[in-house]
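Visitor: Mind having a look at this structure? Questions to follow.
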Amino acid sequence: MNRWVYLFSEGSKEQKDLLGGKGANLAEMTKLGLPVPTGFTVTTEACLYYLDHSEQLTDEIKEQVMTAVETLAAKTGKKFDDLENPLLVSVRSGSKFSMPGMMDTVLNLGLNDRTVVALAENSQNERFAYDCYRRLLQMFGNVVMGMDNNDFESRITAVKKAAGLTFDTELTAEHWKQIVTEYKKIYQEKLQREFPQDPIEQLYLAIEAVFGSWNNQRAKTYRRLHDISDDLGTAVNVQEMVFGNFGESSGTGVVFSRNPSVGNSGLFGEYLINAQGEDVVAGVRTPKPIQVLADELPEQFQQLKTICESLEKHYHDMQDVEFTIEREKLFILQTRSGKRTSKAALTILLDFYNEGIIDEKELVSRIEAKDLEAALHPNFDEKALKNRESFLSGLAASPGAATGAAYFTAEAATAAKARGERVILVREETSPEDIEGIAVSEAVITSRGGMTSHAAVVARGMGICSVVGCERLIVSEENKATVGDNLIEEGTILSVNGTSGKIYFGEIPMEEVTNLVALDELHTIWERHAAIKVRANAETPNDIKTGMTLGAVGIGLARTEHMFFEKSRLLQFRQLILADSLAERLEVLDHLKKVQKQDFKFMYEAAKGKATTIRLLDPPLHEFLPKGADECREVAKELGKTFNEVKRKTDNLAEVNPMLGFRGLRLGVAYPEIYQMQAEAIIEAACEVMKETDFVIQPEIMIPFTIDADEFAQVRASIEGAIQTSLEKQKQELDYQIGTMIEIPRACFVADEIAEHADFFSFGTNDLTQMALGLSRDDSPRIVTQYLENGIFKEDPFQVLDESGVGALMKLAIERGRRVNPNLKIGVCGEAAAHPKSITFLNDLAIDYISCSPFRIPQAKMTLAQRALKV
């Protein structure tokens, strides 16, 4: 016989596949002796069997459920349909992975026309009893029978209006009795049947409904967005009801053991006095901050705090805890790993490490790439923000900053995103049906709800900034909203600050980098474990500063060509190319050397003495020349030359395939004075910065596009002559290195010969991939897409290193190079080098460093440390 049902006392946290996350954690807390209402779990296997077999509960499953109900009755002293002490239960979903709000829940199951009277007598609170009954009728109708929730809400609204009341809390017992009668009429009107009075029938139908909710549209969408398998199924947890709506000494809430937005220690959450759990997250009433509970019910607050701390230590994670207080007695209804922002995730892990809850290996293994990436998203520029005035504020539910066009429905937001717009979703409150609209939005704004409302929890989990509970925001049904006299229509541009909770009209500039304090400590830890270092690719001093901020140990590729594309310099460089004599060329070079030297000084100052590899000019000369007749005439006029001279020189330098043409080191052979000028500028800049600061600089000069040892040796000798002349003028000694970029397959085969003359190799993965595969990177998307679809490529070779082809060439070059030059330093440049799959391969090649764009540095360092620790 298959086992379909487990009591809470029979499971453990390791059984998430079988019991779901909620069921496994309820079992674990029961085992720990925490105050958990007793109950049982119907397994995920039962769900999958149900879905695969005509969506009917089998007799075997029903029999095991009944046995568990009898055990529950024995433990609680309560029975279904008992007229003195009726058993009431909640029925909740619980899959392996947390899917907040995506599936269904039924509370107060077991109430009927008879037991509601018993509940009223036992509680001495008739209002409470009939409020519970109407909640069951409403939830059961919506969740189990598929009825429209608005049909129920409209009846409450009508009763309040007739009585001249505003809030649900003002309704009396007689009002709730009237509403119960109205609700039962809805069953007759919509379903032509009575609400089932048999608690066992209620239970079976509720279990089937929760199983069925695994395949509702919002759950499917959530799984697709979060890469959760459709084959897991959900468990169902049946648990004795405890009541937070028993009066002023009762309440319910949701609390995080640490702040899920920023990661600070201390309880963070909300609660309501005299309410049931769904009231907190539904946004119906505005809850109180959890710290206020310390004044209202201090003993229960301290008990809750102690339990949260023990759960953190037990699970090694920040917890999201649901609790209920029934007449001053605390119950824990659920614990799970809390959803958090990326910034909070890093802070929490570091705090756990520093508090001794986790060790260094666990810290490194648990950091996720998505958290690093999202944590570096820009915020609003502080100077720009000071000059702006917000028109609306609310609760800062999920930090970050975003600008976009306002849209008021998930459908409109999705359509706008498809048109290429940046979207801000504006809602009165969000529900699970809004999941697709939230997923495509830059930010979410709601007029209702608190810090644990649906919008807040989902936005935090997705890394989307959010401001909720904007009470002055009135959202109408005509796709517009007002804040006082201010009107927000579809397409209105808004800027949202999820960190401060303030909202602005119009666009606000963003900061380039968020300097994450937690990142500094992580860099130190990563570097303790990773043998391979991470440098930054850079073109400007700002790029270098960004790279250093994000943890680069140096600059692996500083390109020099961008410096010549600035307008005034471009004209001078064109004059250099179009010069009629060596004398004219040298005159231009003298001026260019001054500006290049200043550029290099800025670079060295930004790098603060860290290793900096500067690549000499690489692109073909024709890229700098004018395009078309009109531009040729303009350049001719500016340089005092004839149109025919400029046109002839431009035509002579034009190439059919410039990628394989007159570029890189070939320029150094044909025009040695260009590379000599650059080398002199590099050396003189280093000398001057060392005189002006306490930085120790060892320039690394990289010659690109090498194919032959003699070719490299010739150009090296040429620039070394210029370097020695500069050093003599400076009257200064300086250590420097000259190496080459390995980016042509032939260079890999003759790497041993080149290594005799080179101090270092740096693999250029972009060009090496292009030439090894015979595939232009600029034209590759169409081909790569086809090859991926046909299963020819497993990955895009420009994103993930081609191990069997390009990787084999690199391995050969390293082996041959190090054979003749054991001290040969080896780096790998290009974005593919930073991909986690590439790093796994490179980790075994005994290279010294990789170099990538600044924002990929943290992820690369993290992956290298994880690979070194084999986690």
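Glycine residues also receive a Cβ, built from the backbone N, Cα and C atoms like all the rest.
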Visitor: Given TrEMBL annotates Arg559, Arg615, Gly764, Thr765, Asn766, Asp767 as substrate-binding, which of Glu638, Glu743, Glu789 belongs to that site as well?
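Guide: TrEMBL lists Arg559, Arg615, Gly764, Thr765, Asn766, Asp767 binding substrate, and from Glu638, Glu743, Glu789 it also lists Glu743.
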Visitor: Within 8 Å of the Cβ centroid of the substrate site residues Arg559, Arg615, Glu743, Gly764, Thr765, Asn766, Asp767, which other residues of the same chain have their Cβ?
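Guide: These residues sit around the substrate site: Leu557, Asp618, Pro704, Met741, Phe763, Leu768, Cys829, Gly830.
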Visitor: Looking only at Cβ atoms, how many others are within 10 Å of the one on Gly764 (substrate binding site)?
Guide: 26
Visitor: For Glu743 (substrate binding site) and Cys829 (active site, proton donor), determine the Cα separation and express it in whole Å.
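Guide: Distance (Cα to Cα, whole Å): 10 Å.
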Visitor: Indicate whether Glu743 (substrate binding site) is helix, strand or coil by DSSP.
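Guide: Coil, per DSSP.
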Visitor: Specify the secondary structure state of Cys829 (active site, proton donor) as given by DSSP, simplified to three classes.
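Guide: Going by the DSSP assignment, Cys829 (active site, proton donor) falls within a strand, counted as strand.
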Visitor: Quiz question: given the binding-site residues Thr765, Asn766, which has the greatest number of C-beta atoms lying within 10 angstroms of its own C-beta?
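Guide: Max Cβ neighbours within 10 Å, all protein chains included: Thr765.
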Visitor: Pick from His454, Arg559: which of these recorded positions has the biggest number of other Cβ atoms within 10 Å of its Cβ?
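Guide: Counting Cβ neighbours within 10 Å, the top one is His454.
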Visitor: I'd like to know which of these binding-site residues, Glu743, Asp767, is least surrounded, judged by other CB atoms within 10 A.
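Guide: Among the binding-site residues Glu743, Asp767, the sparsest Cβ neighbourhood within 10 Å belongs to Asp767.
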